[in-house]
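Participant: Pasting a structure here, questions to come.
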Amino acid sequence: MNNIPPEPNKGKRPLGNAKNSKVSENPNTNKWTKLPDPDDIKPGSELYGKARAFLLKSFTQSYREYTVPCFVSDGDPTETDSQVQLAWSPTNTLYLKLECPAVQPPLLVTSSNGYNILDFNQVFVGNKVIKRFTVQNISMEPLDLRSSLLDIHGPFSLVNAMRGVGPGEKHTLVLAFSPTLEKKYCEKLEVQTPKMVLEISLEGEGVLPDVTLSPTGDLLDFGYVLEKEITSQHVQ
């Protein structure tokens, strides 16, 4: 009987070194697949805002109906025992039908971590601070944006004009806060669309400065000075 040499392994991957084929135990290799703990996601944080924006963009509309029976008793509870079970009849039962459609909102707040609160914090009386508030159209149709009127004698004002936004486009509202009294202010601004009204809370506090500057103003003019010469002014 002739000795036939064994054929090489065709189409088979050669066995590697068991030491090299061992799964790495380095925890850094799996750091991108680890999901965050829900208890660590605090409302108002950046991670919370991103998660909320993702859920709203991927939201699908739904429709549910609920029937709630309302039992009508045949009498009034006694004064001695108000917890007693009263008699009722099926013929006196009313059925309330609740229709609950859930739809995706057309506007999404993309600034302030998704919150509709714009806080100017403390601002010196007589000064003006400008902040921006951005919204995005996440619907499939263009939206014509309008806004409610702010108090013309109040400290808040809308600097830029409203305009229409197409699907996926963003619009930034430029708002100013200029307090005239030492107190806290709060006002509501509505961003109106044909299918939605987004309410923005404007907050701020007017404070008096503890330090005054003399001469007054935010510009200190040294006038004309020749090259390599020195001039000075006194500031108190």
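Counting starts with 1 at the first residue shown.
In case you wondered, yes, glycine gets a Cβ from its N, Cα and C as well.
TrEMBL does not curate its annotations; it predicts them automatically.
Here the structure is a predicted model, which means the values were calculated and not measured.
Grabbed the feature section from TrEMBL, which reads as follows:
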type: COMPBIAS; residues: 18-32; note: compositional bias 'Polar residues'
type: DOMAIN; residues: 116-193; note: domain 'HYDIN/VesB/CFA65-like Ig-like'
type: REGION; residues: 1-40; note: region 'Disordered'
Participant: Sort the residues of the domain 'HYDIN/VesB/CFA65-like Ig-like' (116-193) into helix, strand and coil with DSSP and give the three counts.
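Facilitator: Here the numbers are 0 helix, 43 strand, 35 coil.
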Participant: Any idea what the model's mean pLDDT is for the domain 'HYDIN/VesB/CFA65-like Ig-like' (116-193)?
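Facilitator: Within the domain 'HYDIN/VesB/CFA65-like Ig-like' (116-193), the model's average pLDDT equals 92.
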